[in-house]
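Annotated features, as they stand in TrEMBL:
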type	residues	note
BINDING	B:Gly10, B:Gly11, B:Gly12, B:Val13, B:Ile14, B:Gly15	NAD(+) binding site
DOMAIN	B:6-180	domain '3-hydroxyacyl-CoA dehydrogenase NAD binding'
DOMAIN	B:186-251	domain '3-hydroxyacyl-CoA dehydrogenase C-terminal'
Number of protein chains: 2
Amino acid sequence: MGNKVAAVIGGGVIGGGWAARFLLNGWDVQIFDPDPQAERKVGEVLANARRSTPGLVDVVLPAEGKLTFHDTIEGAVDGAVWIQESVPEQLAIKHKTFAQIQGVCAPDAVIGSSTSGFKPSQLQEGAARPGQIIVAHPFNPVYLLPLIEVVPTAENTPAFLDGAEAILTSMGFYPLRVRKEIDAHIADRFLEAVWREALWLVKDGIATTEEIDNAIRYGFGIRWAQMGLFETYRVAGGEAGMKHFMAQFGPCLSWPWTKLMDVPEFTDELVDLIAGQSDAQSGAYSIRELERIRDNNLVSMMRALKAQDWGAGALMNAQEATLRAASPTGTRIDQMADVSTPLLTVHRAVPLDWTDYNGHMTEAKYLQVFGDATDRFMNMIGCDAEYIGAGGSYFTAETHIRHVDEALAGAVIAVRTQVLSGAGKKMHLFHELFEGERLLATGEHFLLHVNLETRRPSEPSAPVLAALERVADAHAALPSPKGVGRAVGQRP
Amino acid sequence: MGNKVAAVIGGGVIGGGWAARFLLNGWDVQIFDPDPQAERKVGEVLANARRSTPGLVDVVLPAEGKLTFHDTIEGAVDGAVWIQESVPEQLAIKHKTFAQIQGVCAPDAVIGSSTSGFKPSQLQEGAARPGQIIVAHPFNPVYLLPLIEVVPTAENTPAFLDGAEAILTSMGFYPLRVRKEIDAHIADRFLEAVWREALWLVKDGIATTEEIDNAIRYGFGIRWAQMGLFETYRVAGGEAGMKHFMAQFGPCLSWPWTKLMDVPEFTDELVDLIAGQSDAQSGAYSIRELERIRDNNLVSMMRALKAQDWGAGALMNAQEATLRAASPTGTRIDQMADVSTPLLTVHRAVPLDWTDYNGHMTEAKYLQVFGDATDRFMNMIGCDAEYIGAGGSYFTAETHIRHVDEALAGAVIAVRTQVLSGAGKKMHLFHELFEGERLLATGEHFLLHVNLETRRPSEPSAPVLAALERVADAHAALPSPKGVGRAVGQRP
C-alpha cells in the first residue's frame, strides 16, 4: 500500500475518529481543519482512542504514527495515499474540497467521504478524476466500531476498490461494499426508521427517551450486537427455518401500524429470495447450533456489561445483590456465631464465558475464582466497597495454585476458605475449590493490607483486624491442609 | 409473593423460555400445551437455558423448581400465582383461554400474555376479572434477555402491577411499564420499522440478508446493546448536547428517504421534550464520562465476542492473526536461529476489560497473561490448534505467581519465558511480566502433556518434544531466575 500516510480533511468527532484509527494502526496522519479548536477536539478523541483501541486485540499494534496539523488542504494531502473527507454535509462544500484535494493529490490515492447523506455519484459530479472518490461511511466511535460502508459507482474500478478495502481491513475495519447507491446507504436507513418511530412514541407520550433506550438495550439491541436481523429471526423460527418464520411474521406487515407507509408486497418471490439468502448466510449451522452460539455470545456480552455495572449488566448485579444478601457468601463475620470451620466464600455455577470450546473451565478462571473468594472474605471481615473507597485494601503478593481436576460449564462450584494466619498487615489464606465433594484446585494466597493512596503496606482498621483475628484464631485449631507451603514442581 | 408456582399455557419457544426462567429461579412450573411434541420442545429450550442462565450472576440461583405437564388448563393453573399465556396470536383463542383460566385461578394471580400483537384492552374484553390480565411481552431467548414490556389498562390497580413487577424483577427481568397501550407496544414497533426497510433493501437488490446483518452488528447493533438510541445520540452530539444533535440530525427527516411516510413535525416543543427527557436520563454524566463508559462497554463486549470468535470478535481475530504472523510471538521455534535467551511470548496493551474501576490490571488477569504466554509457547513448539485438535495438549498442574508491581489500562506489557526443564511429559516454565524494564510479576508453571481423550498424562509427539528440548537445552545455561522454587509466604 505504499507509504502509510493519511490525510484527514475535517477534524470533528468523525474526522478525529478516523485520525485515531489511522494513527493507532501505525499511519502518519495529516489533518486540515480551519476550526481553531480542531487540535483540542482531535486530541480529546485521540485520548479516548488511546485508552481503548490498543488493547482490543491480544497482540501489540504497530508503533503509533505521527500526527501533524496543516493550514491548507494542499499541505495535508501531500504524500497521502488515503484522504478522508469529513466536512459539513453540504454538496457545494464537498465539491470544492474534492477539487482542492484533486489539484494536488496522487492520482491513485483513495479519496473517501464520510458522508451519510450523499450518494457517490453526487460526490463525483464535476470531479477531475471521479474514479478516485468513494463513500467510506464510518460509525462513531470510528476508532472502535468495525463497519465502513463503501459505496462506489461504475467510475471506480474493481482494482481500486479492492485496494481501498484492503487498507480498511488492515486497520481492523469491516468494509461493506454497497451493491447499488441509495440515499442514506444501508445502516442509516434503519437508524432513520427507528428515529422516526421513536419521535412519534415520545411525542405521543407512549414512552420517554429513557424507556425507549431500555426497550432497545435490554431486548433486541443486545441480540443485534452479535447476529443481525435475519440471523436472529432464522433462529427464532426454530427448526422449521426462515420460510416458517416469514409465514408467521409476514402477515403482521398488513397490521394497523403499517398504515403510515408502503410495505413491500409479500410475494413468494420475496420469501424465496430472503430464505435463499438466509440459507447462504447461516446454513452451515443447524438451528440448534445457532441457538447455542447466540446464547454463548449473549452470556459473554451480558457478563462483560456486568463487570462494567452497566445496562443489562447492572440489572444482573441488582439481582445478584438480592441473592447474595440471603447467602452465606454475603454474611459478615460479626453476624456469624461460629467461624471455626473453613468459610463458604464462593458458591456459583461455571458460566459459559469461563470455558473453552470443549466446555472446560479455563486455567485463568481458577485464579478468577480464588480472587473472587478473597474478595468475598475481605467483605466478610469488613474490607468492603465503602472501606476500600476510604483508602484501604488488601493486595495479593503471592499465589500458589494446584490444579487437581476439571469443571464443566454449568457445574456448581464452591470455595471454602481457611485462614492460615492473619495479624497486622498480613493475611495468609488457603482456598479449596470443589464441585460437590470433588476437589478441583487449591489456592494459597499471601496478602498485605495497603494504603491505596501511597500503594504501600499499612495497618488495617481495628474492626477489620479484629474480624480477621477472630477467624485466624478459630482456624488455628484446624489441621494444615494438604498442599500448603508447596513450591512448584516439588515432589509430594 | 406466596408459593412460587407458575402456570405456562402454551409451550413453544416463548412459553418454554418462560418455563425455563421460572424453573431456574426456583419456581415450580405447570405446563399446558395440547401439542404432543410440547414436552420435547420445552425440554430443548430448558436444555439451552440450563447451560446458559445459572452462570449469569456470580452467586448460585435458588434450587431448580419442579416441572410438570398437564392435560388441562385447569390442572396447570391450580395453585399458580403467575399464569403466562403464550397461545397463538388469535384474539378468539386468547379470550377462550382466559375464560378457562379465570374459571379456576386465584383471583389475585397474575395472568400475563406474551402477545406482541394485541393491546391489553382487547385481551380484557369480556373477561370475568379484567383487572388480573396484563400484557407481559418477553423477548427471545426469554431465559436470558431481561426486557418484559408490561402493558396495563385502567382496570389493573397500581398495587397489582407493583406486585407483578416485583415477581418479574426477582427473576432478573426488567419490567418496562408502557404508559399507554399502543399497537405492537414499543420494541416491536422498532423491529417492524427495521424489518420493512430490510425487505425493501433485499427486494431492490441493495444488499443481501448477510450484508444487512453485518451492517447492523458491526455498527449500531453493538452500540445499542449498552446504550439505546437517545443516549447514543446524546454522546454523538458531543459537548453541545442533545439539542445540538437534534439541530444537526433533525433536518434529515425531510430528506428524500422519508417520502414514503408521515414524520413528526420538528417543532421547538418536540426538541425541548426530547432534550429534557435526555437530561433526566443521562444528565448525571458529562459527555466525556459517557464517552468513556460507552468505550469501556464496547471494548468489553467486543472482547467477549472475540473469545467466542463471532461477529465483531471474529474480525478482531482476523486482524490479530495478520499482526501475529509478523510478530516474534507468532514465530515457531523451528524458524528461530537463536533460542538461547528467554522468549517473547506476550506483547500487548492492557485492555480496558482487564482493569478495575481505578484502571489497574486486576489480580486474575496476571494468570490470564501467564496462561496466554504458556499458550504462545506451546504454539511455538508446535502444540498448536491442529495438534490439540488431534488429541494432545499440555495441562497446567501447578502455578506460583509473585505480584511485584502494578500495570494500568493501555500499558504495553511483555512476557519473557524461560524453560526451566522440558523432558518427556513434563514442562516447567518461568514467565516474567514486564512493562518496559519494570518487572510486574513472575509466573512459575509446571505442566504435563495429556491425551485429551483419556485426560491422562501422555508423551508429546516427537517434533513437539524435540522443539521443547531444544529450548530447554539452550536455557539450561541461563541463571536460575529470582523467585524460582518459592513457596507462598517463604522469607526471601
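Cβ coordinates are placed from backbone N, Cα and C, and glycine is handled just like the others.
Residues of the domain '3-hydroxyacyl-CoA dehydrogenase C-terminal' (B:186-251) grouped by DSSP class, helix first, strand second and coil last, total 55 helix, 0 strand, 11 coil.
A distance below 8 A between C-beta atoms marks B:Val13 as the binding-site residues from B:Gly10, B:Gly11, B:Val13, B:Ile14 lying next to chain A.
Around B:Gly11 (NAD(+) binding site), a 10 Å sphere centred on its CB holds 29 further CB atoms from the protein chains shown.
For the binding-site residues shown (B:Gly10, B:Gly12, B:Gly15), fewest C-beta neighbours within 10 angstroms: B:Gly12. The binding-site residues examined here are B:Val13, B:Ile14; by Cβ neighbour count within 10 Å, the least packed of them is B:Val13.
Those residues of the chain, other than B:Gly10, B:Gly11, B:Gly12, B:Val13, B:Ile14, B:Gly15, with a C-beta within 8 angstroms of the mean position of the NAD(+) site C-beta atoms are B:Val8, B:Gly16, B:Gly17, B:Trp18, B:Asp33, B:Lys41, B:Val42, B:Ser86, B:Ser114. According to its DSSP assignment, B:Val13 (NAD(+) binding site) is helical.
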